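One structure below.
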Amino acid sequence: MKLLIMGPPGAGKGTQAEKIVKEFGITHISTGDMFRAALKNQTPLGLKAKEYMDKGELVPDEIVIAMVEERISAPDCAKGFLLDGFPRTIPQAEALDKKLAEMGITLDGVINIEVPREELIERLTGRRVCRQCGATYHVKFNPPKVEGVCDACGGELYQRSDDSLETVSNRLDVYEAQTAPLKDYYAKTGLLKNIDGTKSIEEVFASIKNALQK
């Protein structure tokens with residue numbers, strides 16, 4: 001099973017990715033993890049990517065594609081993989097298709113988790129973190145017993161700058177501009193599986209399994 005998963009920040013993509021790889025016995029390829037491993041192991045591609053990252057620039061698509069190719073070629077991907085965090089743009093998707101074709105690999109499905117913008121904002125801006133122990137809470141879905149106070153250690157709870165309304169709105173804008181067009185791209189291939197991400201974790205996972213069996 002060779003899959004790709006996409007969805008906006010706050011859609012629960014990471015949680016579902018963990019469940020998918022466990023269920024199907026495939027390897028989770030997160031581009032973030034891939035970059036960290038390449039940098040840690042000082043691979044030639046990792047060092048190339050580091051040059052751009054150190055300058056605060058985006059790593060060029062051809063380097064990312066080469067890293068994805070290297071990762072997919074590893075023995076642990078022989079049974080299948082779940083690609084998470086790439087592609088993010090149409091040019092990246094086209095380059096990935098070309099590379100997969102060269103490798104003789106075809107995707108079995110593209111999972112797209114959909115959640116309305118208002119709910120994503122509520123999910124992301126409601127997160128609170130303990131300054132002392134790092135425990136996480138949510139003002140609506142997982143509130144502390146006493147507002148602003150950590151249940152575990154009594155530390156002060158705060159909102160990270162990443163979770164501010166302005167930052168969250170910007171992240172969603174970038175996703176909608178860059179990555180949302182991929183829905184049309186993959187819909188044309190017949191691979192796209194749109195999943196309602198507003199339900200419970202188990203219900204969303206059941207929908208994914210059902211969609212992949214069709």
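Backbone N, Cα and C define each Cβ position, glycine as well.
Annotation comment: Swiss-Prot describes Gly10, Ala11, Gly12, Lys13, Gly14, Thr15, Arg127, Thr136, Tyr137, Lys199 as ATP binding site, evidence class sequence analysis. Cβ contacts within 10 Å of Gly12 (ATP binding site), excluding its own Cβ and spanning all protein chains shown: 19.
Taken from Swiss-Prot, the feature AMP binding site covers Thr31, Arg36, Glu57, Leu58, Val59, Gly85, Phe86, Pro87, Arg88, Gln92, Arg160, Arg171, and the record attributes it to sequence analysis. Around the Cβ of Thr31 (AMP binding site), a 10 Å sphere holds 18 further Cβ atoms from the protein chains shown.
In sequence order, Cys150, Ala152, Cys153, Gly155 are the residues of the chain that are 6 or more apart from Cys133 (Zn(2+) binding site) and have a CB within less than 8 Å of its CB. The annotation Zn(2+) binding site is assigned in Swiss-Prot to Cys130, Cys133, Cys150, Cys153.
Look at the region 'NMP' (30-59): DSSP puts its residues at 21 helix, 1 strand, 8 coil. What Swiss-Prot records for 30-59 is region 'NMP'.
What Swiss-Prot lists as region 'LID' is 126-163, and the listing cites sequence analysis. A mean pLDDT of 96 is what the model gives for the region 'LID' (126-163).
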Collapsed DSSP category at Gly14 (ATP binding site): helix
Other C-beta atoms that fall within 10 angstroms of the C-beta of Phe86 (AMP binding site): 21
Nearest recorded site to Val59 (AMP binding site) by CA-CA distance, among binding-site residues Gly12, Gly14, Arg127, Tyr137: Gly14
C-alpha spacing of Cys130 (Zn(2+) binding site) relative to Gly10 (ATP binding site), in angstrom: 20
Number of Cβ atoms other than its own within 10 Å, given for Val59 (AMP binding site): 17
Top Cα neighbour of Gly14 (ATP binding site) in the set of binding-site residues Thr31, Arg88, Cys130: Thr31
